[in-house]
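A.B. asks: Let me give you the structure first, and then I'll get to my questions.
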Amino acid sequence: MKFFIFTCLLAVALAKHKMEHVSSSEEPINIFQEIYKQEKNMAIHPRKEKLCTTSCEEVVRNANEEEYSIRSSSEESAEVAPEEIKITVDDKHYQKALNEINQFYQKFPQYLQYPYQGPIVLNPWDQVKRNAGPFTPTVNREQLSTSEENSKKTIDMESTEVFTKKTKLTEEEKNRLNFLKKISQYYQKFAWPQYLKTVDQHQKAMKPWTQPKTNAIPYVRYL
């Protein structure tokens with residue numbers, strides 16, 4: 001009886017030892033399997049994470065690029081708008097200045113015609129006539145020189161003719177000459193421009209006995 005109890009206890013102890021050994025041998029296998037699964041998951045998940053990170057980075061980059069392009073375009077438009085406004089304002093001022101200059105020069109030739117339309121004495125027996133021709137201040141030097149030479153020649157010829165004939169002036173002619181002298185003295189008071197004097201003096205057809213004092217050509221009247 002004791003022997004039977006001893007064998008049962010021994011069998012139970014051996015069975016427990018075997019179960020513990022099997023459980024102990026299964027535990028490393030389970031641990032190894034779990035570690036393998038974790039490693040496999042770690043090997044798979046990083047790829048997914050990398051793919052997610054790369055795709056997210058691309059999306060973020062695209063979004064940043066779009067935002068940067070929008071900001072740059074808005075800044076450029078904001079910079080261009082004031083420049084365009086400044087250009088338009090400058091153009092307006094420039095156009096106003098041009099219009100004022102054009103209006104001034106449109107009035108300027110008409111202003112020059114008035115002093116030139118003064119009385120011109122042609123002959124002592126003629127009446128005072130008013131010249132209404134347009135004024136051209138540009139006169140060539142060659143024309144002036146030729147006109148001076150021609151006027152000197154005509155004066156010399158007419159003076160010689162007058163002295164050869166030795167004509168006597170009547171009282172009416174003397175009165176007319178005095179009247180012309182008064183007119184010339186009256187117009188000497190005005191400060192005429194020099195170029196108007198030269199042009200006006202060379203365009204007059206004067207006689208030696210009707211020579212005014214304002215003439216630039218020297219003339220001595222012999223009695």
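Each residue, glycine too, has its Cβ placed from N, Cα and C.
What Swiss-Prot records for this protein is below:
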MOD_RES   S23  phosphoserine
MOD_RES   S24  phosphoserine
MOD_RES   S25  phosphoserine
MOD_RES   S72  phosphoserine
MOD_RES   S73  phosphoserine
MOD_RES   S74  phosphoserine
MOD_RES   S77  phosphoserine
MOD_RES   S145  phosphoserine
MOD_RES   S147  phosphoserine
MOD_RES   S151  phosphoserine
MOD_RES   S159  phosphoserine
SIGNAL    1-15  signal peptide
A.B. asks: Same chain only, please: residues at least 6 beyond the ends of the signal peptide (1-15) with a C-beta under 8 Å from a C-beta of the stretch. Say none if there are none.
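C.D. replies: Tertiary neighbours of the signal peptide (1-15) are none.
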A.B. asks: Let me check the 10 A CB neighbour count of S72 (phosphoserine). How many other CB atoms are there?
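C.D. replies: Looking across every protein chain shown, the total is 10.
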